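Written out below as C-alpha cells is the structure these notes cover.
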2 protein chains.
Amino acid sequence: MRFATAAPVATDSFAPLSVPVDAGLNAVRGDIAAVLSMRHGGPRPVRLRYECVGRADAPVVVVAGGISAHRHVAANAEFPEKGWAEGLVATGRALDPASLRILAFDFIGADGALDLPIDTADQADALALLLDHLGIARLQCFVGYSYGALVGQQFAIRHRERVQKLIAVSGAHRPHPYAAAWRALQRRAVALGQLQCAESHGLSLARQFAMLSYRTPEEFGERFDAAPEVVNGRVRVAAEDYLDAAGAQYVARTPVDAYLRLSESIDLHRIDPAAIQVPTVVVAVEGDRLVPLADCVGLVEGLGPRGSLRVLRSHYGHDAFLKETDRIDAILATAFRSPGESA
Amino acid sequence: MRFATAAPVATDSFAPLSVPVDAGLNAVRGDIAAVLSMRHGGPRPVRLRYECVGRADAPVVVVAGGISAHRHVAANAEFPEKGWAEGLVATGRALDPASLRILAFDFIGADGALDLPIDTADQADALALLLDHLGIARLQCFVGYSYGALVGQQFAIRHRERVQKLIAVSGAHRPHPYAAAWRALQRRAVALGQLQCAESHGLSLARQFAMLSYRTPEEFGERFDAAPEVVNGRVRVAAEDYLDAAGAQYVARTPVDAYLRLSESIDLHRIDPAAIQVPTVVVAVEGDRLVPLADCVGLVEGLGPRGSLRVLRSHYGHDAFLKETDRIDAILATAFRSPGESA
C-alpha cells in the first residue's frame with residue numbers, strides 16, 4: 001500500500017443493529033481524517049467523507065460518479081435532499097438498499113483543500129483507506145461512472161483483492177486527446193477569470209463549455225431551436241439561458257480548486273487494461289463526445305476474457321448515466337446477475 | 001436595393017489592357033468608401049476591400065471564406081504572401097486566373113470598425129455595391145465556404161439577377177443550435193477577457209475553443225496522442241502547444257470587434273432555401289462538428305430541383321475546405337461543368 005493511515009476521527013456513527021431490518025433506506029454519513037501518500041505530492045492530510053445506505057451486514061457496492069458527484073447518490077429517509085443520480089439507488093432497483101449496502105464518497109480534492117495534481121490512483125487508495133476504517137474487507141461491486149469509472153479501474157488494479165466486479169460506465173483507460181484539449185481550455189477559462197478577479201465568472205464559463213461536452217447536438221437541436229435575439233445590441237442564442245443556469249448552479253457548490261484539480265485528474269489517467277484482473281463490464285454510450293465508443297472498445301479489448309461491453313445509444317451523450325436511469329438500471333441488473341469472481 | 005452608394009474613393013487601379021494576356025496571375029487590390037443600409041443599424045459608412053486576379057474581360061467568380069478569411073485567397077505574382085486557401089486559385093485548378101477573373105473581398109466588419117450586429121444580408125448588399133463599383137453586372141459563380149456560403153445564399157436571394165450559380169460549402173440555411181451555443185460561449189470568453197484589460201487573452205481563448213469546433217476528434221487523436229505533463233504544478237495536455245499557437249496567431253491579425261460581430265453574424269443567419277432561385281451545389285463534410293451533414297441535406301431539400309449535394313468525408317471536419325484542396329478542386333471542377341443558368 002502506498003498510503004499511511006492516521007488515527008481516524010470518529011465523527012461517524014454506525015446504525016445500531018437494533019434498527020428494523022425493513023428500514024432498508026437507513027443511511028449514515030461520516031468523515032475521517034487521514035494521511036494519504038499522493039503520487040504528485042507525497043503524504044497529505046485528507047478528509048474522507050462517505051454516505052452508506054442499507055444494512056450493515058449486506059454485500060457492499062460502491063457507487064462513484066463524475067467529478068461533480070459526491071457521497072449523496074439519491075434521496076433517502078435520513079437525507080431527503082436530491083442526490084446526483086436520483087432513481088439509481090432505490091427499492092426495486094438493481095442498487096436496492098434492502099439487499100445491498102450502498103457506499104458512496106466524496107472524491108479527495110472535492111472540498112477544494114488539495115491544490116496539487118491528483119491522480120486517479122490517489123482516489124483509489126483513499127477508498128481503500130475508507131474501507132479499512134469501515135471494516136469492509138471486500139466490495140461485491142464497484143459501479144463507476146465517468147471519473148468514477150477511472151477510479152474504479154485504479155481500485156481494481158491497486159486493490160485487486162478488495163473488489164469482486166467492476167462496472168465502468170462512460171470511462172475508458174485513458175482520456176481521448178480531443179476531450180483532454182476541451183478540458184484544458186475549460187481550465188484556461190478559469191485561469192482567465194482568476195486573472196480578472198472574476199474567479200466564479202471563469203468557473204461558470206468553464207462549466208458551460210463542459211456542458212457542451214456532456215450533451216449532444218441532437219439534444220440541443222431539439223431543445224434550443226428558437227431564433228436568436230438581439231439584446232442590448234448583442235446577439236443572444238436560444239441555449240444561453242440554459243447555459244447561464246448551469247454555470248450559476250455549478251459555481252454555487254464547487255470550489256475552484258476542486259474543479260481544476262479533478263479536471264486535471266481525468267487527463268492524468270492512463271492505465272493498462274490488462275492490469276485489471278477482475279471481471280469488468282464496460283458500458284459505453286454511442287454519441288458520447290467525451291468518451292468515444294471506440295475508446296471503450298479499446299478498453300474491453302485490453303481486458304481480454306475478463307471484459308464485456310454494453311452499448312447504449314442516448315441523445316444525452318456523456319450524461320446518459322444521469323438521465324437514462326431506467327436503462328442504466330436494467331444494465332446494472334444484468335451485470336449483477338452475470339458471473340463475477342467467487343468471494 | 002437596401003443600400004445607398006457614396007462616391008467611390010478611387011484607391012484602386014485596374015490592370016491596364018497592355019498587360020500580357022498570359023500574365024493570368026496579374027492581381028489588383030482596391031478599397032471603396034461607401035454607405036450601406038444595415039439591417040440592425042441603418043445607414044453606416046463602410047469600406048469595401050477587394051482583390052481581383054485574372055483578366056478583366058473573363059467571367060467573374062467570387063470566392064468567400066470563413067469569418068477569418070479575407071480578400072487574399074492565394075499567393076500570386078503581385079501579392080506573394082500566403083493566402084487563406086492556398087492551392088485553390090492557381091493555374092490548372094478549377095479556379096484558374098488564366099480563364100476566370102477571381103474576385104475576393106474582406107467582409108464588412110472584418111476591420112473591426114463596425115460595432116453592431118451584422119447580418120449576412122448586409123454582406124450580400126455590400127458585395128452588390130462592390131460589383132457596381134467594379135462594373136461587374138453578373139457573376140458566373142459564387143463559391144462560398146463556411147460564413148461565405150451563408151453570404152452566398154443571401155446574395156443569391158437578394159441579388160438573384162447577378163449570379164448564375166452558387167456553390168455553398170460547409171454552410172447551411174441556419175446555424176445548428178449546438179454550434180450556436182458553442183460560438184456564444186466563445187464570445188463569453190472574449191467578454192471575460194474584456195472585464196479587465198485582457199482582451200487579447202480572451203480572444204485567444206475564444207479562438208482555441210473555436211479550433212475544437214473546426215477540427216475533429218479523429219485528427220486530434222492522431223496528432224496529440226502523447227501523455228500529459230505536469231509543468232509548474234499544473235497538468236498540461238499534448239494539444240496545448242498547438243492551441244497556444246493557434247490563439248496567438250489569430251489575436252495578432254484579428255480585431256476583437258471583428259471577431260465578435262462576425263461570430264454573431266453566423267448565428268443571426270436564417271434563410272428560406274426555397275427563396276434561392278439559382279442552381280446551387282451544396283458541399284457537405286461528414287464529420288463537420290459545426291455544420292452537420294443533416295443540416296446541409298435540409299438545405300438541399302429546400303432547394304428542390306435547383307439543388308444538388310456533394311458529400312466529402314474528411315478528418316479535418318469544418319476545415320476540410322482549407323485542408324483538402326485537391327478534393328475540393330475536383331468538386332469545383334465538376335460543379336463548374338454542370339449546367340448552370342444561361343447568362
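Note: Cβ is positioned from N, Cα and C throughout, glycine not excepted.
Per TrEMBL, domain 'AB hydrolase-1' is recorded for B:60-324.
DSSP assigns B:Ser146 (active site, nucleophile) to coil in the three-state reduction, outside any helix or strand. Counted within 10 Å of its Cβ, the other Cβ atoms near B:Ser146 (active site, nucleophile) come to 26, all protein chains included. Residues or ranges marked as active site, nucleophile by TrEMBL: B:Ser146.
When other Cβ atoms within 10 Å of the Cβ of B:Asp288 (active site) are tallied across all protein chains shown, the result is 27. For B:Asp288 (among others), the entry in TrEMBL reads active site.
Its Cβ taken as reference, B:His318 (active site) is surrounded by 24 other Cβ atoms within 10 Å in the chains shown. Look at TrEMBL and you will find B:His318 (among others) tagged as active site.
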Item to check | Secondary structure of B:Asp288 (active site) (DSSP, helix/strand/coil) | outcome: coil
Next on the checklist: As a test of reading the model: what is the averaged pLDDT for the domain 'AB hydrolase-1' (B:60-324)?
Outcome noted: 96
